[in-house]
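In what follows, a structure is listed as structure tokens, so that the remarks can point back to it.
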């Protein structure tokens, strides 16, 4: 044992000498990294040799979680409803890699760039986990020379953030994105994105909500009119974006102390960001002494007026509010921005739970051009639904007993009241499966009747086909309604047709309902 350890130490020394020589000779980084990896591998062998078995804690990484069958039923139901609405609006589904070249993501998220997960180089490329689904979409459009696309994408993204698990804030989480790319007339696709959000929140029915809208050009014009230097627009915008979490006094202090905005400029901004209303507010601000002199502010206000007009035509005006405090700190937004928030805490059991933003998005006309060699622009607008917060609300309702969830979709359980009916049960199961009916049975040859019925009740299976010797001799089987406990005899040859009718007419209140 000592001899092998001495040999390993000698190999480590020789490999270390080689790495130092390569560095002194200024060899390529790739060659040096390759030899460094070998050195680390040898050192790892030294550390593990003769080591006793180590105890470790079984846990998920910080900011991640496992999902049990009930939680997955809730998630699948929510995602299915969202997907149905995306498809109703003509969106196509795409997917992109879970990691991208780091240079693709760098510089697209402003101050949030520090939250990107970088990966250790394993194959000659510097990679990072995707932070959202928008930048990968822009890369996809530019790489494939696509100029028009209406797409949806539901997938996991990663952020090295401080997690708040109970409020649906994780380091690994799902985003549900809907985007429209292409050169179109102003605000028509933007208004449809808002319509999509309202349809999703209406069908999920988790509480009353409002959609806040603002315009990035208006924000830039506001900063300009208030005396903020152009090079501080984006950082100031990131601070304004915190108004949904912090009071104005704290936001003002950060703008002055950390972002270099003068107290006078901050106070002027404070007068505007506390305003909200409808199209009448946009009309009023167009005659504002300071804003009316800014070309970008006027452009933003005219855009908001048009957007609100289209929202009225789509029947969602009462769900939209023009709010000058809405900023959305991501650097790539260029036009309209919006965010959906619940207006009241959610009542879960005996407690009120505050949720916060549950959807957001906006227009990003310059992002695709960043990836195109000729800077060819493809205007885009989109929305992302914050499903993790929706999941958290529904899971809390489940824990409080406010909702019931089925974890399987089984409609029929084939049971036997006596022994030695396994062969007949298997024949009926096969017949029902072949007919497309969701069916299961006990895996025991002679299960107890009580256990079979309890399984149906515990798993929300609505019907049981009960086999008995006297019934089979007469060519019939019994169908039992598990909830009402009513039983009816059905001719054996009409079993499939009868079950199909009963299942089609059966109403079940459940999160993954039929």
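Glycine is treated like the rest: Cβ placed from N, Cα and C.
TrEMBL: automatically predicted annotations, no manual curation.
The following features are taken from TrEMBL:
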| type | residues | note |
| --- | --- | --- |
| BINDING | 132, 133, 134, 159, 175, 179, 328, 332, 333 | L-histidine binding site |
| COILED | 15-49 | coiled coil |
| DOMAIN | 4-60 | domain 'WHEP-TRS' |
| DOMAIN | 63-394 | domain 'Aminoacyl-transfer RNA synthetases class-II family profile' |
Position of peak Cβ density within 10 Å, selected from the binding-site residues 134, 175: 134
Maximum Cα-Cα separation (Å), residues 132, 133, 134, 159, 175, 179, 328, 332, 333 listed as binding L-histidine: 21
Listed binding-site residues (132, 328, 333), ranked by Cβ neighbours within 10 Å, top entry: 333
